[in-house]
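Scroll down for the structure; my scribbles are underneath it.
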Amino acid sequence: MEPVGAPRDKPAAAARGYWRWRKDDFFPEPSFASWGAYRGALAATPARLRDRLLAGRSTDAAELGAMRRRSENEMRRCLTWWDLTWLGFGCHLGAGIFVLTGQEARDHAGPAVVLSYVVAGLSAMLSVLIYAEFAVEIPVAGGSFAYLRVELGDVAAFVAAANLILETVIGTAAVARAWTSYLASLVNRPVSALRVHVPSFGEGYDELDPIASAVILATAIMAMLSTKGSSRFNWVASTVHLLVLAFIIVAGFVHAKPCNLTPFVPYGVPGVFRSAAVVYFAYSGFDSIANMAEETKNPSRDIPLGLIGSMSVITAIYCTMALTLTMMQPYTAIDRSAAYSVAFAAVGMRWMQYVVAVGALKGMTTVLLVGALGNARYATHIARSHIIPPVFALVHPKTGTPIHATALITGASACVAFLSSLDVLASLLSISTLFIFVMIATALLVRRYHARGVTSRAHGRLLAALVLAIVGSSAGIAACWGSAPERWTGYAALVPVWAAATLGVQLLLPVARVPTKWGVPLVPWLPSLSIATNIFLMGSLGASAFVRFGVCTAVMLLYYVLVGLHATYDVAHEEVDDAAADEKAAAATDVEKSGAGDAGR
């Protein structure tokens with residue numbers, strides 16, 4: 001099924017060319033044909049929203065077939081498990097380890113920041129396992145958007161997609177501005193020396209950063225030109241980066257003092273988990289790897305190897321780096337913004353600031369490159385659904401890359417990076433990621449225990465009740481921890497509820513679907529544990545993060561009600577009409593054949 005207004009034959013599509021900028025290329029749906037049509041669509045919003053909530057689920061076949069055809073050209077299958085593993089290194093080993101470790105060791109965890117990385121890493125690994133199953137079963141560019149669209153429907157998928165795009169834009173801008181800061185450090189200048197100061201602009205917007213925008217643009221151009229070429233560049237840059245990190249670790253341990261690890265947990269256990277919620281951001285890049293499934297040669301083998309292999313090594317590196325820092329200096333002496341450089345200067349190795357700066361620059365460059373690859377694929381699949389204009393779904397026939405989608409994400413990120421670091425929205429990065437991972441774990445439970453035409457209504461209602469019990473008890477545990485962590489009565493009541501609900505899923509519900517190639521072990525326990533740990537980490541963030549998250553989500557839903565809802569409604573109902581027409585034509589053909597057969601006899 002081709003999109004509304006799109007040509008149905010390849011020669012016609014080719015005749016139109018790739019570079020299109022007409023109104024129908026952005027809004028081809030009947031709801032946007034005229035102002036009158038749009039007013040009619042808005043009047044029908046309640047009925048359309050109900051339709052999308054009740055009948056908005058897609059299928060594996062639709063995501064793999066009709067949705068992909070809307071790009072008109074195929075992405076090239078050119079990546080192996082080796083490529084994915086190194087892309088995993090590239091999208092994780094950036095500036096986060098250099099910045100977050102010192103900040104959290106000083107303010108919240110002390111030397112126990114090592115445990116914060118362990119907790120965040122274990123939680124991330126649960127999500128990695130879930131992403132790996134989905135990516136093997138539905139190997140398309142849409143990642144979490146496609147998985148949620150299949151299992152939870154359009155509305156849930158949009159909420160996740162909008163949050164991830166927001167996270168992408170802000171995160172990319174933050175990394176790019178950090179790139180400028182480390183470049184200034186490398187040339188012995190103050191961190192803001194390479195930015196353009198405009199005192200007349202408001203606070204937070206008075207330091208323009210053209211270098212950050214240029215770096216985003218450069219990595220995006222590389223991503224547009226070639227997926228395989230970008231992967232090869234990432235190999236080289238990530239190899240250099242790993243060597244730099246190894247040198248930092250060895251040099252750090254040479255000057256390590258075990259006495260600096262005492263006291264190990266100066267801020268108590270709550271500080272460890274609060275830090276875990278913050279450093280979780282350092283693990284959040286693996287969804288970009290899942291987005292590359294459509295370009296992977298053997299998804300059932302390559303994706304689990306690439307995702308799980310890279311995440312295991314990354315967790316070990318993060319923990320070792322954190323241990324190195326906290327053994328070099330007492331946690332009270334750690335510098336929040338330049339932890340490693342100051343620590344090495346304190347032991348007489350002032351020149352190590354240049355090694356740290358080079359390592360950070362290498363890491364951030366690959367983070368931006370892999371982000372440009374993965375995030376553009378994500379936007380491509382969203383455009384295939386028409387939630388955003390379908391012109392961004394097009395894949396270039398020569399490069400095999402989604403140039404329009406890459407330009408969309410690049411343009412937004414470069415503008416934010418140029419104008420402001422948006423520190424006020426930094427907490428949104430972790431909370432958006434954790435929220436999406438909760439939704440993905442929930443979707444896996446739905447996938448395993450609910451299938452249309454197989455699961456009875458009674459079992460469907462029971463599954464909904466048990467999943468709500470898992471989510472609700474997990475939220476209750478997080479709330480107890482946030483309000484009064486020392487009181488055990490809340491945990492005594494809520495942990496058994498979580499365990500009973502999970503056991504109920506295992507014992508009371510028949511399995512509706514078994515993964516055909518690779519699956520998460522110990523279902524429903526591991527997905528349920530993923531829900532609990534991610535919600536727990538969300539609860540460790542401050543109340544202001546939830547307020548900002550709520551405001552941003554409300555703005556996103558406003559866009560969906562005004563634009564995305566009507567586009568997806570039109571596309572879905574055209575698909576139904578086309579399917580009915582195809583069935584009618586097939587029936588007529590059968591009648592003709594039957595009549596011809598009777599005449600022959």
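We count from 1, first residue shown onward.
Note that Cβ sites are derived from N, Cα and C of the backbone, with glycine treated the same way.
Caution: TrEMBL annotation is automatic and unverified by curators.
According to TrEMBL, the feature domain 'Cationic amino acid transporter C-terminal' maps to 518-567.
The transmembrane segment annotation in TrEMBL covers 78-100 (among others).
Packing against the transmembrane segment (112-134) from elsewhere in the chain are residues 101, 104-105, 143-144, 146-147, 264-267, 271-273, 275-280, 282-284, 286-287, 290, 303-304, 307-308, 311-312, 314-315, 318-319, 322-323, 326, 437, 440-441, 443-444, 447, 515, 518-521, 526-527, 529-530, 533-534, 537: each is 6 or more residues past its ends and has a CB under 8 Å from a CB in it. Taken from TrEMBL, the feature transmembrane segment covers 112-134 (among others).
Summarising the annotation, TrEMBL assigns transmembrane segment to 155-179 (among others). Long-range Cβ contacts of the transmembrane segment (155-179) within its own chain (Cβ-Cβ under 8 Å, at least 6 residues beyond either end) map to 49, 52-53, 56, 94-95, 99, 144-146, 148-149, 209, 211-213, 215-216, 281, 284, 287, 360-361, 364-365, 367-368, 371, 375, 378-379, 382, 385, 387, 409, 412-414, 416-417, 421-422, 425-426, 428-429, 432-433, 435-436, 439-440, 552-553, 556-557, 559-560, 564.
If you look up TrEMBL, you'll see 233-255 (among others) marked as transmembrane segment.
The feature transmembrane segment is assigned by TrEMBL to 267-286 (among others).
The feature transmembrane segment is assigned by TrEMBL to 307-331 (among others).
Long-range contacts of the transmembrane segment (351-374) within the same chain: residues 87, 89-95, 97-98, 143, 168, 171-172, 175-176, 178-179, 182-183, 185-186, 215-216, 219-220, 222-223, 227, 230, 233-234, 237-238, 240-241, 244-245, 247-248, 251, 285, 287-292, 338, 340-341, 344-345, 406, 409-410, each at least 6 residues beyond the stretch ends and with a Cβ under 8 Å from a Cβ of the stretch. Annotation source TrEMBL lists transmembrane segment at 351-374 (among others).
Residues or ranges marked as transmembrane segment in TrEMBL: 428-450 (among others).
Taking Cβ pairs closer than 8 Å, the transmembrane segment (462-484) reaches residues 270, 273, 438, 442, 445-446, 449-450, 455, 490-491, 494-495, 497-498, 500-502, 504-505, 508-509, 528, 531-532, 535-536, 538-540 in its own chain, all 6 or more past its ends. Taken from TrEMBL, the feature transmembrane segment covers 462-484 (among others).
TrEMBL lists 490-511 (among others) with the feature transmembrane segment.
Residues or ranges marked as transmembrane segment in TrEMBL: 518-539 (among others).
Annotation source TrEMBL lists transmembrane segment at 545-563 (among others).
Distant neighbours of the transmembrane segment (78-100): 175, 178-179, 182, 227-228, 231, 234-235, 237-238, 241-242, 245, 278-279, 281-283, 285-286, 288-289, 292, 295-298, 301-303, 305-307, 309-311, 313-314, 317-318, 321-322, 337, 339-340, 356, 359-360, 363-364, 366-367, 369-371, 373-374; these residues of the same chain sit at least 6 beyond its ends, with a Cβ under 8 Å from one of its Cβ atoms. Here the transmembrane segment (233-255) has Cβ contacts under 8 Å with residues 83, 86-87, 89-90, 93, 222, 317, 320-321, 324-325, 327-328, 340, 343-344, 347, 349, 352, 355-356, 358-359, 362-363, 365-366, 369-370 of the same chain, all six or more residues outside its ends. Across the domain 'Cationic amino acid transporter C-terminal' (518-567), DSSP classifies residues as 40 helix, 0 strand, 10 coil.
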